[in-house]
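Since the structure comes first, as structure tokens, the remarks are kept for the end.
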Amino acid sequence: MTSTQSVAVYATLILAIFCFNDIHCDPIAEARAAAFGEREARSAGEWKQFDVNGEKVEVNEQENREIIRQAGGDGVEGSVMVIDHAKGLIIWSIPRAGECYLIGGVDKQLPDAQELLHYFRSAQGSADGEGVQSALDYVKAEDRPVTDLNLLAPEVREACQGKSVYWLEKSSGDNNEPEKRRWCVYAYVRIRGVLVRYRRCW
């Protein structure tokens, strides 16, 4: 037995004693971390996954966060929206627009993680059938680029690498300028009967 293996075995025995009353403790994994400097990153809470309206929704009640992933097409990745209720922030990666966006504040129409989990569980598979009840429209604040990229959630950081990031603001509903543009990219995410929409035109 090598000296490294001896350290691992010894660490396993020691950690097994400390793990005796902790059902979530894995002495083997802890021993590997102690002997070889390995340690897995652990989320602060458990993620629940649902397939709704063609979107993959992940909900973490402890962190009060939601992730909505849309399927891509035509060689373009789908958009990813992270709703962080704890920080009051929405992070949105829209590959078709070639940019990423931040929304400061989470509209009260959007359910928090606990409400969304309760909704999915009580719907018993019928959530797909709920129609759109309201919509939240956003426009890009051209003069407000995001300078602190640490605000980007880890789930979209790679997708937003090297792209422009802007704040989105609620639309007043009277902006007809896109009608004069040549073409537009439309993006929306549906969350329990509420549409979050964005339109970028050139």
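For all residues, glycine too, the Cβ spot is worked out from N, Cα and C.
Listed in Swiss-Prot for this protein:
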DISULFID  C100-C160  disulfide bond
DISULFID  C184-C201  disulfide bond
DOMAIN    73-168  domain 'BRICHOS'
SIGNAL    1-25  signal peptide
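Projection of Swiss-Prot feature records onto the structure.
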| residue | record | Cβ neighbours (10 Å) |
| --- | --- | --- |
| C100 | disulfide bond | 24 |
| C160 | disulfide bond | 22 |
| C184 | disulfide bond | 12 |
| C201 | disulfide bond | 15 |
Collapsed DSSP category at C160 (disulfide bond): coil
Inter-residue Cα distance where the pair is C100 (disulfide bond) and C201 (disulfide bond), in Å: 15
Rounded Cα separation (Å) that holds between C160 (disulfide bond) and C184 (disulfide bond): 20
Composition by DSSP (helix, strand, coil) of residues within the domain 'BRICHOS' (73-168): 24 helix, 36 strand, 36 coil
